[in-house]
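*Asks:* Features from TrEMBL:
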type	residues	note
COMPBIAS	39-51	compositional bias 'Low complexity'
REGION	39-80	region 'Disordered'
DOMAIN	89-183	domain 'Small ribosomal subunit protein uS10'
Amino acid sequence: MAVSTSTTSPLPLLLLHRGTANPSPASLSFPSSLRATSLRSRAAAAPPAETLSEDGIPDAPPEGEGTGIPLPSSIGDDGEQLAPKQKIRIKLRSYWVPLIEDSCKKIIDAAKTTNAKTMGPVPLPTKRRVYCVLNSPHVHKDSRFHFEIRTHQRLIDIMYPTAQTIDSLMQLQLPAGVDVEVKL
């Protein structure tokens, strides 16, 4: 079986002759056009994306052209607007809802005064822990008390934080009943 290149193909293919069960390196040959020019110069002179090879299969367009994938050099300043360089993620936990809501409001106000974009507060699922305690250890084994602890959680993202934003968040006084976890 022999694989050959077509005249309209932008890059020459490797010719492989399989006459034996174990092909040797001597059976591999390169076209003479590949030896004379480099791959980069041939890729730059590739035909447009609409051309068809002899098999009727459309040729691949040149890299970055018509593929929908931007080249790294074309991302530039637009990439900085789409993906922020730094993001502060604040996760708040509390047993009492008014306390966590008040803390969220303080954090968002501190971030907005420094012109940082905020996303949230996003309410995360409440974790419920139920404890079952016997009412009487000896006689009344069927009588039990059920106690539950609900942990309410909120998530706040601060996009494009500045040094002033971080300073205002560090100076913020939050109540003792709120657990704050900050990730940069």
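Even glycines carry a Cβ here, placed using N, Cα and C.
The shown structure was predicted, so the numbers you read here are calculated from the model rather than taken from an experiment.
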*Asks:* What is the number of residues in the domain 'Small ribosomal subunit protein uS10' (89-183) that are helix, strand and coil, as DSSP sees it?
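*Replies:* Split into helix, strand and coil, the domain 'Small ribosomal subunit protein uS10' (89-183) gives 24 helix, 46 strand, 25 coil.
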*Asks:* Mean pLDDT over the domain 'Small ribosomal subunit protein uS10' (89-183): what is the value?
*Replies:* 94
